[in-house]
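S.K.: Can you read through this structure? Questions will come right after.
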Amino acid sequence: MKRDGIVKGKFISFEGPDGAGKTTALNKVVTDLTPVLKDKLVVTREPGGNRISEAIRHIILDRKNTEMDDRTEALLYAAARRQHIVETIQPALDENKLVLCDRYIDSSVAYQGAGRQIGTTEVYQMNLFATGGLLPNLTIYFDVPSEVGLQRIMTHRTDEINRLDVEQLSFHQRVRKSYLEIAKAQPQRIKVIDATKSKDQVVQDVEKIIYAANQEFFN
Ligand SMILES: Nc1ncnc2c1ncn2[C@@H]1O[C@H](COP(=O)(O)OP(=O)(O)O)[C@@H](O)[C@H]1O
Ligand SMILES: [Mg+2]
């Protein structure tokens with residue numbers, strides 16, 4: 001799974017808490033980039049719409065699964081991620097595509113490692129096994145105070161309020177702190193944007209970063 005030698009395609013992940021505006025921005029970015037990139041653009045989200053990963057996602061997010069152990073949760077996310085890589089991400093990268101993915105490895109480190117407090121290093125290591133070391137070339141982290149993210153999903157969003165969304169504020173604050181630590185540790189990969197700004201401004205910021213980092217796709 002590791003891309004030895006020649007780097008093929010580009011892999012960009014969108015990260016941040018629920019309610020940060022990732023999906024909203026991603027949809028607009030796709031609308032703007034599709035006429036330019038056409039079939040060079042691949043948009044996906046974890047778990048990636050394949051049969052196995054969707055089945056795993058259903059188990060993880062089902063609010064009835066109150067007995068789920070924290071490590072079970074982390075392993076299931078990693079298993080769904082693996083299948084998504086194999087079926088979707090790696091084939092697209094092999095065809096030199098620009099892949100935009102809603103959530104990836106940093107979500108596991110922040111939510112399970114820090115949020116659930118099972119250890120960020122352990123979760124990262126376990127995910128290196130799951131991903132075969134495939135990291136994004138670029139990660140855009142949507143930073144918002146936890147209260148803002150929660151407020152947005154509770155007041156506006158009707159599609160899905162899941163088992164993790166209903167965790168208490170301290171959980172979400174640990175998640176944000178962890179995201180900021182990862183961003184600080186890997187500044188070359190992770191770009192932080194202020195997601196409290198207006199939707200239009202956020203999209204502008206995201207597109208600026210994508211253009212700057214992927215010139216070869218826009219010539
Ligand atoms: N920049 C923004 N300012 C205000 N509200 C926003 C912004 N971005 C998204 N929203 C709203 O917040 C809610 C959550 O957005 P969403 O894109 O689903 O977040 P995420 O995918 O990060 O969970 C939606 O109702 C959306 O319209
Ligand atoms: Mg979303």
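Cβ from N, Cα, C; glycine included.
TrEMBL does not curate its annotations; it predicts them automatically.
For reference, TrEMBL lists these features for the protein:
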type	residues	note
BINDING	G16, P17, D18, G19, A20, G21, K22, T23	ATP binding site
DOMAIN	14-206	domain 'Thymidylate kinase-like'
S.K.: Is any of G16, K22, T23 (binding-site residues) within Cβ reach of ligand 2, i.e. under 6 A, and which?
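M.R.: Close enough to ligand 2 are K22, T23.
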S.K.: With respect to ligand 1, which members of the binding-site residues P17, D18, T23 satisfy a Cβ distance under 6 angstroms to one of its atoms?
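M.R.: Those binding-site residues that pass the cut-off, since their Cβ is under 6 Å from ligand 1, are D18, T23.
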S.K.: Suppose the ATP site is G16, P17, D18, G19, A20, G21, K22, T23. Which further residues of the same chain have a Cβ inside 8 angstroms of that site's Cβ centroid?
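M.R.: For the ATP site, the extra neighbours are F142, V144, G149, R152, A195.
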S.K.: Mean pLDDT for the domain 'Thymidylate kinase-like' (14-206), as a whole number?
M.R.: 94
S.K.: Indicate the candidate from P17, D18, G19, G21 with the smallest number of other Cβ atoms within 10 Å of its Cβ, considering only these binding-site residues.
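M.R.: The binding-site residues P17, D18, G19, G21 were compared, and D18 has the fewest Cβ atoms within 10 Å.
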S.K.: Starting from the Cβ of T23 (ATP binding site), draw a 10 Å sphere and report how many other Cβ atoms land inside it.
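M.R.: Counting Cβ neighbours of T23 (ATP binding site) within 10 Å gives 15.
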S.K.: Given the binding-site residues G16, A20, K22, which one's Cβ is surrounded by the fewest other Cβ atoms within 10 Å?
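M.R.: Output over binding-site residues G16, A20, K22: least Cβ neighbours within 10 Å is K22.
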